[in-house]
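In what follows, a single structure is set out as structure tokens and then discussed.
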Amino acid sequence: MPNVLAIQGLTYKRNQKLILKNIDLTLETGKIVGLLGENGAGKTTLMRLITGSAQGSGDIMVSDATTATARKAHVSFSEQLHGFNKNVKISRVVDFYQTVYSDFDLNRYHELADFLQLNGELKLLALSKGMREKLIIALTLARQTDLYLLDEPFGGIDSMSRKKIISSIIQWKPDNATMLISDHYVTEIAPILDEIVVVKDQTIAVHQKTDTIRSESGMDIEDYYESLYAGGVDHD
Amino acid sequence: MKFDDKVPIYYQIKNYLYHEMLTGTLNPGDKLPAVRQLAVDLTVNVNTVQRALSEMITEGTIESQRGKGNFVTADTTRLAQLKEQLVMTQLAQVYEQLHALNLTDEEIIASLKRYIEQKGAGQNA
Amino acid sequence: MTKMSALFKTMGWTKFRQINQMILLELIAVAVTGIWTAIKGNFNLATLFYLTASWSMLPYVVGFILLAVSTEKAYTADTFRLIPIEETRFYLMNLLSSLATLVYFMVVQAVLYGLTFWLGWSRISGMLPPMATVGSNVVEPIIVMLLVSLMTALLIWSTISFVHLVTSATSNFLPKFRQRALNVVVYVIVIFITIRVAGFIVHGVAWFARITFNGTDLGQFWLALAAMAVVILVEGALNVFLLKRWVETAAN
């Protein structure tokens with residue numbers, strides 16, 4: 001199967017502090033992959049390096065694009081809309097996306113917005129945490145691209161919103177696109193993951209298929225993940 | 001539906017579909033929901049549903065028709081075999097466990113009979 | 001890849017909205033003080049012109065600063081930096097959309113001045129100095145004056161960007177403490193240069209007023225404009241380089 005993401009020898013330092021060290025990672029086309037790790041382990045940083053929002057050393061290839069500018073056309077990242085004035089209406093944000101992203105599909109957006117019950121007339125400041133996260137998901141998935149990066153889409157939101165978001169991921173991820181979802185609490189999304197990638201000690205500690213973990217260790221994904229930190233399980 | 005996260009999900013999807021087929025929710029020859037729809041209904045990954053279905057196609061319990069979708073096999077002999085196979089798997093577990101309690105085969109049969117009688121009595125009361 | 005026109009449109013829209021708010025505030029200020037003057041019984045045809053003249057500087061300065069802030073925010077906001085477009089084009093569109101908005105603001109101001117001046121013409125005309133004292137060639141000084149104000153805006157903005165991007169890029173190499181120390185040094189140097197440049201401009205404006213009314217040669221002013229253009233281009237090249245290699249967006 002062709003790879004949608006290929007990272008080689010990626011190292012990242014900030015203020016002379018080593019955050020990620022010599023990372024190699026390839027993701028196949030069409031997968032949903034969980035990116036796990038403690039807070040501050042570097043999950044968000046890894047995503048930011050892929051989009052070119054953060055600058056490290058090493059090779060990152062998305063589809064066939066190697067430069068940061070070219071990669072941006074193949075990656076849809078769940079950015080947090082901080083660049084917008086809080087008084088702006090959702091419909092205005094949608095216009096913005098439609099203007100600047102040629103792969104933004106307005107029909108897809110409206111389907112997603114209907115499903116997630118987003119009201120375009122609301123202003124950004126009027127959105128609850130769950131609503132805001134739904135909007136970010138709808139905008140991110142409305143782009144038709146090769147790689148989707150969802151950074152902690154379930155942080156601090158109610159379980160109904162969480163379920164809706166999970167359903168929309170299953171429903172709207174294009175078959176030939178790959179999705180990387182970061183989370184530090186895996187149980188809720190474990191059934192939808194093909195693979196997990198664990199960032200630990202500045203590098204990728206584990207990259208494994210979830211059903212392989214289940215059949216080989218007999219553990220659920222959360223227990224397996226926690227066992228990495230207890231140091232009890234041999235993982236190779 | 002809820003999955004046991006300790007067991008491979010594709011395996012649980014197969015069991016779920018077997019159950020639907022044997023209890024008559026899905027009849028012989030019925031069309032299965034589309035892969036993505038199944039994934040949404042079960043809150044699982046499309047690839048995992050695909051894996052479960054392709055194993056079932058290989059086993060001959062469902063049939064894939066190009067462009068039309070997947071159908072429960074109309075071959076009732078195959079379905080009967082499937083039922084037999086599932087019953088045997090369940091019984092094998094019970095048998096292993098009772099055997100581990102040092103029950104002989106006769107004692108196992110006798111206890112099973114007793115159990116069914118009691119359960120029947122309980123239901124009639 | 002995203003087209004430059006699309007980026008210009010979206011970046012311009014936010015800035016356009018900000019400036020319209022400034023214009024609205026200016027109109028409200030003129031209206032409120034106008035009504036106050038009327039209540040006090042001092043209102044005449046020229047009042048609106050005087051009020052516009054006295055109020056216009058404040059929204060202009062605030063608008064200028066708001067545009068600078070928007071321009072800088074775009075360099076480190078994922079909302080803008082995730083857009084697939086080459087950095088040079090991004091930089092150009094960011095700066096040009098700010099400039100276009102500023103020109104729009106100037107035009108609106110000019111229209112306001114013109115309108116209120118026309119309203120109060122009968123009163124104001126008597127107080128004007130005789131036209132004869134204005135130099136014979138008025139077109140060239142006006143063009144030069146416009147160019148100087150636009151170039152000054154570009155120069156200030158690109159210098160702010162340069163400081164912003166340098167201080168942001170240093171986090172790539174230096175530990176936190178040394179980064180802060182270096183940033184302080186950069187600020188001090190830039191403030192010093194800014195004061196010198198401001199001095200040059202103030203000096204220039206005084207000089208400019210002299211030539212406008214005496215009809216002296218503008219050659220030296222064109223030279224200064226060229227010097228400003230060179231600085232803007234050099235800073236632009238450095239800024240694009242910094243954006244490409246070192247500058248990161250603000251983390252979520």
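Don't overthink the numbers, they just go from 1 along the chain as shown.
Backbone N, Cα and C atoms are what each Cβ position is placed from, and that goes for glycine too.
Fair warning: this is a prediction, and the values are worked out from it, not measured in the lab.
Summarising the annotation, TrEMBL assigns transmembrane segment to C:21-39 (among others).
Feature annotation from TrEMBL assigns transmembrane segment to C:45-69 (among others).
Look at TrEMBL and you will find C:90-121 (among others) tagged as transmembrane segment. Tertiary proximity for the transmembrane segment (C:90-121) is limited to same-chain residues at least six positions away from its ends with a CB under 8 Å from its CB atoms, namely 4, 7-8, 11-12, 15-16, 18-19, 22-23, 26, 44-49, 51-53, 56, 60, 63-64, 67-68, 70-71, 74-75, 80-81, 83, 149-150, 153-154, 157-158, 161, 236, 239-240, 243.
Residues or ranges marked as transmembrane segment by TrEMBL: C:141-163 (among others). Sequence-distant contacts of the transmembrane segment (C:141-163) (same chain, six or more residues past either end, CB-CB distance under 8 Å): 64, 67-68, 71-72, 75, 95, 98-99, 102-103, 106, 135, 186-187, 190, 193-194, 197, 201, 204, 208, 211-212, 218, 221-222, 224-225, 228-229, 231-232, 235-236, 238-239.
Per TrEMBL, transmembrane segment is recorded for C:184-209 (among others). Sequence-distant contacts of the transmembrane segment (C:184-209) (same chain, at least 6 residues past either end, Cβ-Cβ under 8 Å): 141, 144-145, 148, 152, 155, 159, 163, 166-167, 221, 224.
Residues or ranges marked as transmembrane segment in TrEMBL: C:221-243 (among others).
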Legend entry - Long-range environment of the transmembrane segment (C:45-69) - Cβ separation under 8 angstroms, sequence gap at least 6: 15, 18-19, 22-23, 25-26, 29-30, 33-34, 37, 98, 101-102, 105, 109, 112-113, 116-117, 119-120, 122-124, 153, 156-157, 160
Legend entry - Contact set, same chain, for the transmembrane segment (C:21-39): CB under 8 Å, 6 or more residues outside the stretch: 47-48, 51-52, 55-56, 58-60, 62-63, 66, 105, 108, 112
